[in-house]
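Quick look at what TrEMBL lists:
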- 56-78: transmembrane segment (TRANSMEM)
- 98-116: transmembrane segment (TRANSMEM)
- 128-151: transmembrane segment (TRANSMEM)
- 157-176: transmembrane segment (TRANSMEM)
- 239-259: transmembrane segment (TRANSMEM)
- 265-289: transmembrane segment (TRANSMEM)
- 309-338: transmembrane segment (TRANSMEM)
- 350-370: transmembrane segment (TRANSMEM)
- 377-396: transmembrane segment (TRANSMEM)
- 408-434: transmembrane segment (TRANSMEM)
Amino acid sequence: MEYFMGLRAPALGLGAGAGRNYTDFNYVSNLVTLLFQTNGNSYEHVWPDMEFGWRIVLGSLIGFFGAAFGSVGGVGGGGIYVPMLTLIVGFDAKSSTAISKCMIMGAAASTVYYNLKLRHPTLDMPIIDYDLALLIQPMLMLGISIGVIFNVIFPDWLVTVLLIVLFIGTSTKAFLKGVETWNKETILLKESAKRAESKVDDVEYRALPSEPGESASNNAKELLDPEVPILENVCWKEFGLLMFVWLAFLVLQVTKNYTSTCSTWYWVLNLLQIPVSLGVSGYEAVSLYQGRRTISSKAEGTNWKVNQLVLYCMMGVVAGIVGGLLGLGGGFIMGPLFLELGIPPQVSSATATFAMTFSSSMSVVEYYLLKRFPIPYAVYFIAVATVAAWAGQHVVRKLIHHMGRASLIIFILAFTIFVSAISLGGVGISNMVLKIQNHEYMGFEDLCKYDV
């Protein structure tokens, strides 16, 4: 323990009490110094050999269920992938973060393909709200780039603290929203049963993921066929703008790979991402403010205030930073945010996953350029997540149709975030305690000295 105790109390003129106080002070002082060191580098890749065994089998099963639940909730499942890759498969924490992004990308792509054929549960529009995605996704991409840099710099103990605070808060918020939606659905189901008994209205009740303020008559209206051809169900102008953002970021990231870290051109290319994101999100925000565009799936009115638009854009940045830093889907932030906006759960999940497809694929490119993951493992776990996400979407959609409760999506969202907080938080705290006991470096890494 002498590493933490520091210098012992001088013997001259100090009693036992004073010496003990001096020792306690030095213990705290050296612990703080240890945690906030900034002139070292402790990171080393740990990539286990890819061979068939219980680790691969158990990891695949956990990854499968994580992808199934994560895709339904619109959160990606990274909070389950990272502990699985670290504790079971045997990767180091930061490589696990990178591979989890690969899995999120695979699950998101599979889910988006599934959702591209679906219509909104109550409105004549796709289940993916492209205007909402256009407002959030460019800022999400910007946040991802910042988060990947923070992933290199931040010590594990700080990441753990941020994760626990953020995830406990968002999971609690999502659970309360689920309870509210469940109660509303119960009332609507009872009203529908009464109408059926009195034979006043023979319109079949459908699962309604709308806000409490909407009337039962609006919720029970006749809907369009739930599936349509993909080419007819895509808003191509908005999709084109989103692809422009993705391609612009891709070019900047690839070009940045040919510059020296922390060089002038390195920072210039990083800063060029800001006008790209602000330009597209700003265009959408101004259009929403002036009433030229609208987020149709929002339950309440379309009168947007400037502070609302700025807040939602900033939340997109925060979601991206969390995703890049922790290797998680930005849906951990976007899902609860969309629900608070009054977006139906199906639309919230589909739109969050749609935005995550762009952001997670960009993270994969950045982590690949940093050489943060072995390609064979990444390809295998992408395949597992892709199949699991499709299966999860199919099963839960059948359950919602059978039970008439879209709130299932919200409870799955809350459950996934809470399990992620427990698993990631537990692993982080355990690693932090071991590092303190072993006197390992726990300070901030130097980005400019990072060696891929």
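Keep in mind that glycine also has a Cβ here, set from the backbone N, Cα and C atoms.
The stretch with the most CB contacts under 8 Å to the transmembrane segment (309-338), chosen from 56-78, 98-116, 128-151, 265-289, is 128-151.
Highest Cβ pair count under 8 Å relative to the transmembrane segment (239-259), across stretches 98-116, 128-151, 377-396: 128-151.
Between the transmembrane segment (377-396) and the transmembrane segment (265-289), fewer than three CB pairs separated by 6 or more residues in sequence fall under 8 Å, so the two stretches do not touch. Per-stretch counts of Cβ pairs under 8 Å to the transmembrane segment (157-176) identify 408-434 as the leading one among 98-116, 128-151, 265-289, 350-370, 408-434. Count of Cβ pairs under 8 Å against the transmembrane segment (98-116): among 56-78, 128-151, 350-370, the largest is for 350-370. For the transmembrane segment (128-151), the list of distant contacts is 94, 97, 112, 115-116, 235, 238-239, 241-242, 245-246, 249, 253, 270, 273-274, 276-281, 284-285, 288, 293-298, 309, 312-327, 330, 334, 338, 341, 343, 347, 350-351, 354-356, 358-359, 362-363, 366-367, 370, 447: same-chain residues at least six beyond its ends, Cβ to Cβ under 8 Å. Cβ atoms under 8 Å from those of the transmembrane segment (350-370) belong to residues 71, 74-76, 97-98, 101-102, 104-105, 108-109, 111-112, 115, 118, 127-129, 132-133, 136-137, 140-141, 144-145, 148, 152, 242, 245-246, 249-250, 253-254, 256-257, 320, 323-324, 327, 329-331, 334-335, 338, 343, 378, 452 of the same chain, restricted to positions at least 6 beyond its ends.
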